[in-house]
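As recorded in Swiss-Prot, the features of this protein are as follows:
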- 7-148: domain 'RNase H type-1' (DOMAIN)
- D16, D140: Mg(2+) 2 binding site (BINDING)
- D16, E54, D76: Mg(2+) 1 binding site (BINDING)
Amino acid sequence: MSETAPKPETVEIYTDGACSGNPGPGGWGAILRFKGIEKELKGGESPTTNNRMEMMAVLVALNTLTRSCAVDVYTDSEYVKKGMTEWLRGWKARGWKTADKKPVKNDDLWKALDEAAARHKVSWHWVKGHAGHPENERADALAREGIADLRART
C-alpha cells in the first residue's frame, strides 16, 4: 500500500481595491488566512486607480508571506486574474507590450506581482464583487478604510 503525500498547507488570500474617483484617492485591503488564523492588511495612496489598488492588495499580501507556500488568491478583479493567468506570458514575450504593440499599463506592478507570485504556488480565483461573499465584503471594507485613513492623514 502506498502513502500519498499530504496536501500542502494552503494560505487563502482575499483582496479588494477601491478608488474614490478613477483616478483619485484609493485604498486596498487583504485578508490572509492560514490554519484558521487571519491577518488583515490595508493601505492607500493618491492619486491612483482602482486597478492599481486591486493589484496592490494582492502584491502586499503575497509579499507578507515569509516562506514559499501554496496560495489561493480570491479577487473580484478580472483584470488581476486575467492579467496573471492569461495576459502576463504574452506581455513578457513582447517586451511588456500589448498585442497591439502599446506599453502595458501598470507594468511596474505587473512585474512586481509576477516576481511575488513566482515565489509561491498560486491558484487564482475570481469571485463576484458586492455579492455577499463575506471575505470579499471584508476586503472591500478594508480598502475603504485605506481611503479613509489616507484622507485623515492629508
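Cβ coordinates are placed from backbone N, Cα and C, and glycine is handled just like the others.
Here the features listed in Swiss-Prot are placed on the structure.
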residue : record                : DSSP class
D16     : Mg(2+) 2 binding site : strand
E54     : Mg(2+) 1 binding site : helix
D76     : Mg(2+) 1 binding site : coil
D140    : Mg(2+) 2 binding site : helix
Query: Whose Cβ lies within 8 Å of the mean position of the Cβ atoms of D16, E54, D76, the Mg(2+) 1 site, other than those residues?
result: T15, G17, A18, M53, A57, T75, S77, V80, G129, N136, A139, D140, A143
- prompt: Cβ distance under 8 Å to D140 (Mg(2+) 2 binding site), same chain, sequence separation 6 or more: which residues?
  reply: D16, A18, G29, G129, H130
Statement: Ordered by sequence, the long-range same-chain Cβ contacts of E54 (Mg(2+) 1 binding site) under 8 Å (at least 6 apart) are T15, D16, G17, W28, T75, S77, Y79, V80
Task: Quick one: among the binding-site residues D16, D76, which has the most Cβ atoms sitting within 10 Å of its own Cβ?
output: D16
- line: In the domain 'RNase H type-1' (7-148), averaged pLDDT is 96
